[in-house]
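First up is the structure itself, then whatever we jot down about it.
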Amino acid sequence: MAGLLSTFDTFSSRRSESINKSGRGAVIPGQRSTVSVFVLGLSVTDDADKLFIATTFLAHSLDTDKRHSQRGGFLVSLLAMAYSSPELYLTTNGVNADVKYVIYNIEKDPKRTKTDGFIVKTRDMEYERTTEWLFGPMVNKSPLFQGQRDAADPDTLLQIYGYPACLGAIIVQVWIVLVKAITSSAGLRKGFFNRLEAFRQDGTVKGALVFTGETVEGIGSVMRSQQSLVSLMVETLVTMNTARSDLTTLEKNIQIVGNYIRDAGLASFMNTIKYGVETKMAALTLSNLRPDINKLRSLIDTYLSKGPRAPFICILKDPVHGEFAPGNYPALWSYAMGVAVVQNKAMQQYVTGRTYLDMEMFLLGQAVAKDAESKISSALEDELGVTEAAKGRLRHHLASLSGGNGAYRKPTGGGAIEVALDNADIDLETKAHADQDARGWGGDSGERWARQVSGGHFVTLHGAERLEEETNDEDVSDIERRIAMRLAERRQEILQPMEMKAAITVSIMTKMTIPQQ
């Protein structure tokens with residue numbers, strides 16, 4: 001029997017391995033699009049010209065009249081300006097099954113009177129029409145930088161801070177857009193300016209060169225439509241982390257942004273491991289958590305098999321990234337979130353009200369996290385030499401810190417709880433509770449969740465397999481008001497028949513007690 005159970009425990013990981021390592025077939029190339037990339041030639045030496053070209057690339061990438069592949073090419077051209085050999089940069093990091101990059105040089109000819117003396121050319125020929133298209137008049141639908149609204153002069157910044165700092169400020173912001181562009185597009189603008197603040201405080205990004213919100217949204221839309229651009233940026237991070245140590249200041253700043261990009265879209269997976277498994281509480285022995293634990297073990301093997309690209313599987317849209325959705329291990333995720341909201345106050349703002357939330361496991365996680373005994377790690381007792389007296393005092397302190405009120409946190413965000421209320425039983429426990437009107441429920445939407453669950457009744461929600469990562473943009477207070485109104489409506493539906501029945505009973509009793517004349 002033990003062998004049979006062992007086979008079942010390893011089935012998920014072995015099944016995934018057999019699918020991913022199935023028989024080799026013929027390699028059939030897919031369709032590839034051609035993307036034009038422009039690099040600076042040796043004749044472009046003036047810093048003002050270089051900064052002008054960089055802002056020209058940025059402006060073209062935001063031009064909605066151009067195809068997204070062209071706009072993506074201009075962003076690649078901008079990113080390549082950070083390197084002394086853009087061709088080598090693209091050869092190292094730009095190998096992609098979707099696109100083929102065609103490189104054009106931009107040279108400066110002092111004899112030319114039009115297009116500011118710039119000419120687009122290759123080794124064999126010059127491209128006059130392309131030059132006109134690239135450097136011709138453009139109408140920006142909105143300012144590129146917030147400083148343009150304040151009439152700030154980029155040339156002045158160039159004189160004060162120098163070309164590398166100005167170019168670095170622009171390129172770093174493009175990288176910051178990637179942090180939220182793929183996994184949380186709804187919160188892109190807010191997330192961008194939150195991440196940018198650290199770079200503004202340390203002087204990396206000057207105020208006059210801060211992107212406008214429209215610029216951020218425009219770059220984000222290009223990234224979402226051009227997976228080849230995202231792949232290039234990820235490969236750049238992988239190369240920095242594994243193959244180089246002599247990084248420039250700009251590359252070090254890119255690495256800092258890369259730390260925000262790592263494991264983007266995998267917050268639920270990582271939090272389940274952190275709060276659900278690594279806490280090593282006794283609840284993990286429950287049989288209904290066993291399938292989810294096996295699933296998580298299989299996902300860990302899959303994650304590690306991806307090597308240095310593992311932290312970017314969601315951004316790269318790896319075919320396996322959907323397997324990491326919490327809907328694939330709902331009971332363990334719900335339990336982990338219960339532990340998390342008790343142990344980490346910041347996690348109380350995390351969106352837990354999802355369609356696959358198992359309310360019973362969510363409350364169980366909170367209960368075991370509050371239990372003073374479960375907070376003590378037996379594995380470290382002997383190693384640290386903790387005495388029984390010390391453990392007793394520690395339990396006393398933990399119990400006093402818990403407050404002893406037994407209040408449970410309610411799920412935040414999402415529509416899962418609202419959906420469940422239509423089918424949930426509402427316990428009208430006491431007379432005082434029954435006399436409370438609907439206005440009282442709406443005014444204190446958290447009261448019902450703050451009481452311990454009575455009668456052993458839990459609202460349990462299951463289902464959903466799609467990836468729903470961090471969606472913190474929805475107004476939680478608005479959701480709570482809607483939940484309170486829904487509860488009030490349900491309560492009124494239950495109370496009205498009871499009140500009518502009570503009125504009829506009182507009427508009958510009154511007639512029976514009135515003496516006949």
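From the backbone N, Cα and C atoms, a Cβ is placed for every residue, glycine too.
The annotation in Swiss-Prot ties Lys180, Lys190, Arg195, Tyr350, Arg354 to RNA, and of the candidates under consideration, Tyr260, Tyr275, Tyr408, the one tied to the same site is Tyr260.
Other Cβ atoms within 10 Å of the Cβ of Arg354 (RNA binding site) number 24 in total over all chains.
Mean model confidence of the region 'Interaction with the phosphoprotein' (462-471) amounts to 37 (pLDDT, 0 to 100 scale).
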